[in-house]
Every structure is written in C-alpha cells, then in structure tokens.
C-alpha cells in the first residue's frame, strides 16, 4: 500500500512539474512574441490559464500531505498538545468532508463540459473541469490519510 501511495504522490508531483514548466514555456513564448515578433499567438493566455489551474490541482493534495498550506495557529498554540492534535484531526475531517462534497459536484459538472470547447484552443472543457475533480479528490485522500496518521499518533500508536 505504501508503494502505491508513494507512486500516487510521484504522479501528482510529475503533473505539477510538467504543468508548471508548460506554464513557464507558454508565458515566455508570449513575452518573446510580443517583444520580437510582428504578431503574438492568441492562444497563449488561455493555455497559461489552463496550465495554472492544473498546476494548482496537482499540487493541492501534495500541500495537504506536507502540511504546506498557511494556517493561523495563534489560538491552537495556546491549547495543550493533546487538544492541538485532536483539533487538527477535526479540521482535517472538516476539510475532507467539504472537499468530498466539491468532488461529488465536480463529477456532475464534467457532463456540462462535454458540450463546450474553449475559445482559443478548442479543447473540450470537460478536460479543464476535471481539474476540480483532481484537486478535490486528492485533497480528500490526503486529508483522510492525515486523519489516520494523527489518530494513531494521538492514541499512542506511532506511525
């Protein structure tokens, strides 16, 4: 199971890196074209937007895994350590629950995207709408994994 979980994380990392590199490449092309060419490509703005969306989608679950999201911990630091752990578990459960609802509705939204294409790239929009499913699904998975890990630690069971 750990190998599968590790592979899943690697796939998300690769997706984040590739979409970010694509974003950088498209933006550099746009800057170069505006400065040195008589005409700039019209599709770069839309492509950069889609690549940015996927960069965030792939990286969100990883940020949950690494506890990399910014949080305000002034209140929680005043609590005793066991209370801090249980509060973190509660917050992770709330995040997982909210994102599970988002995931459910993002899947319903995919059908709408099949009937539309993007303006410049002519990409079927369900590919773009799928980014919300990737984001919410990975956040749910990594939030629940965090809950399992934290419950084990809080109960004294280790990792």
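Note that Cβ sites are derived from N, Cα and C of the backbone, with glycine treated the same way.
If you look up TrEMBL, you'll see 12-35 (among others) marked as transmembrane segment.
Taking DSSP states H, G and I as helix and E and B as strand, the domain 'Tripartite ATP-independent periplasmic transporters DctQ component' (23-152) has 101 helix, 2 strand, 27 coil. Residues annotated as domain 'Tripartite ATP-independent periplasmic transporters DctQ component' in TrEMBL: 23-152.
Annotated transmembrane segment per TrEMBL: 86-107 (among others), in sequence order.
Sequence annotations record features per position, and here TrEMBL assigns transmembrane segment to 127-148 (among others).
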Distal contacts, the transmembrane segment (12-35) - CB-CB under 8 A, six or more residues away: 41, 44-45, 47-48, 51-52, 54-55, 58-59, 61-62, 138
The domain 'Tripartite ATP-independent periplasmic transporters DctQ component' (23-152) [mean pLDDT, rounded to integer]: 95
